[in-house]
Structure formats: C-alpha cells, structure tokens
C-alpha cells in the first residue's frame with residue numbers, strides 16, 4: 001500500500017530529525033523509539049522466515065537498548081534534577097547510555113545481532129539499517145560526548161575496528177561483509193569522536209556516502225555472494241569499473257576519499273601522544289582492506305566463462321540512477337580537506 005509505505009518512510013525521517021534537534025533526554029529517546037518502530041514493518045515486509053527472524057532480533061535488541069536509555073535518563077533526572085543532554089551527567093548515567101547506544105549501533109562487543117539482521121533482509125533494507133538508522137544513535141552520542149569516558153570509548157572503538165576487520169575475512173555473503181565493515185567503521189568513528197567531533201562528523205558523512213553507493217551497486221546487480229560478483233561484469237561494465245574504485249575507497253586505500261578520515265584520525269592520535277593506539281588501529285584496517293580488495297578483484301579483474309566471442313551483453317543495463325552516487329564517492333577526494341575545514 002503506497003499510503004502505508006509513505007507513512008513509514010516519513011516517520012522514519014521525522015524520528016531521526018526529532019533526535020537530532022532535541023536537547024531533552026525524553027525527546028531524544030522518543031525519536032529513537034519512533035525510528036525503531038518505523039523500520040520494523042519495512043524489515044518484515046518480505047514474508048520470509050529469515051526476514052521475520054531478523055526483524056525479531058532487531059526489535060529485541062533495540063527495545064533493550066531503549067529501556068536502558070530510559071533508565072539512564074531517569075537516574076540522571078533523579079541525581080542532577082534536570083533533563084538536559086548537554087549538562088553534566090553522572091558516571092552511571094553516561095555508562096548506561098553509552099552501552100545502550102553501542103547496542104543500537106551494533107558496535108563490538110554488542111554486535112552479534114547486526115550481521116544476522118542484515119543477512120535476513122533485502123539489500124535496500126540492509127542499506128537503510130546500515131546508513132539512515134545510524135544517524136539518530138550517533139546524534140545521541142554526539143550530544144553526550146562531553147561526558148563520555150575516554151578510556152571506555154577508545155577501548156570499544158579499538159575492539160570494534162579489530163573485530164569488524166578480522167571477522168569479515170572469512171565471510172562470503174556480501175551483506176555480512178558490509179555488516180562487519182560497518183562495525184569496523186563505527187570503531188574508527190568512536191575513536192575520532194573521543195578527540196574531535198568535527199572529524200567524527202566528516203568520518204560519518206563519508207561512511208554514509210560510500211556505504212550507500214556500495215549497497216546501491218549490490219542491489220542493482222543483485223549480488224548476494226562474492227562468487228556472484230564474478231558474473232556481473234557483462235551486465236554493466238561502466239558501473240562495475242567505478243564499483244571497484246568505490247570498494248577500494250571504502251577500504252581506505254590512498255589516494256581515494258575513504259583514506260582521508262583514517263589519515264586524519266591517525267594524525268590526531270599521534271599529535272596527542274597515542275601513537276600505539278594509532279598503530280593498533282592501522283593494523284586492524286588491513287583485514288578490511290583485504291576483503292575489499294578481494295571484492296574489487298572479483299568485480300573487475302575476472303570475467304565469467306562464456307561460450308560466445310563477445311565479453312558483454314548486447315543490451316547493457318542502464319546505470320543512470322547509480323553512476324552519479326558512485327562517482328561522488330571517489331571524486332570527493334580533492335574537496336574533502338575543504339569540507340573538513342568547513343565542518
């Protein structure tokens with residue numbers, strides 16, 4: 001039903017805006033709850049056991065996290081006498097809220113539900129969960145960043161980057177690979193948030209753009225596994241050529257756009273005398289780069305076996321709707337420094 005669909009999408013957008021514009025614990029919690037409730041019917045729209053299972057897992061985790069946030073806000077109001085997110089909060093409130101946001105974002109070690117939820121949903125819904133659904137919890141975390149425990153955030157960020165990279169190595173399903181990639185990127189973002197919120201904003205923006213482009217490619221080519229990527233070249237060579245660069249950008253290979261936030265984060269760590277943590281983060285990015293390079297190799301450097309003499313179909317799939325987004329992911333490199341200064 002188009003009316004129901006438009007209602008769900010508008011509620012999804014409005015709930016994120018409510019959280020982004022609120023300075024009150026209860027209003028921010030309300031936005032997060034509306035955000036969760038509006039995505040559930042979209043996830044369960046495909047009447048398949050895997051989709052229902054993914055929706056149930058998503059609901060249980062999000063409901064637990066929402067209850068924790070409400071509990072933390074109540075304790076904060078009891079101890080401090082105010083409901084403002086920007087004022088100083090007690091340690092127990094900040095810790096509870098941080099753990100709840102980690103659950104909502106699927107950050108290690110509360111990440112086990114995230115790959116399973118993505119694997120059970122269609123590609124476009126998985127893209128929504130990996131991009132739009134991150135904005136509201138991240139905004140909540142930004143509002144609390146003055147009260148966050150630096151040691152806790154650094155530890156969770158490093159752990160998330162390590163688990164996201166190493167666990168994604170043995171995956172063959174593209175949605176699970178994107179899930180573990182998202183976990184790793186969230187780890188980098190947490191480390192950036194600990195030192196420079198503007199840098200964290202740039203990291204989040206580039207993550208959203210490149211992840212959206214990658215999911216768009218996977219959705220257009222109906223690619224479910226890495227093996228499927230080897231047979232997609234004939235459908236649209238132009239799109240798959242740019243897809244290779246997009247994947248390498250998502251992996252953080254210089255001189256592409258995805259390299260810049262990692263470079264700036266490492267620079268921030270070294271200038272604050274935290275070079276060992278920067279070195280550890282750098283080591284955790286290598287597995288991610290490996291499986292992105294493997295996907296890029298399967299995308300463009302292999303051609304499927306065929307009995308015909310031509311290497312492509314006589315009628316190519318149109319790429320007008322995807323090419324601008326894909327090109328944007330790797331043509332942003334010259335302007336990202338200016339963007340960082342503006343932010």
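Each residue, glycine too, has its Cβ placed from N, Cα and C.
Per TrEMBL, the range carrying the annotation transmembrane segment out of 5-24, 25-44 is 25-44.
For the transmembrane segment (230-253), the partner stretch with the highest count of Cβ pairs under 8 angstroms, out of 95-114, 151-169, 176-193, 273-293, is 273-293.
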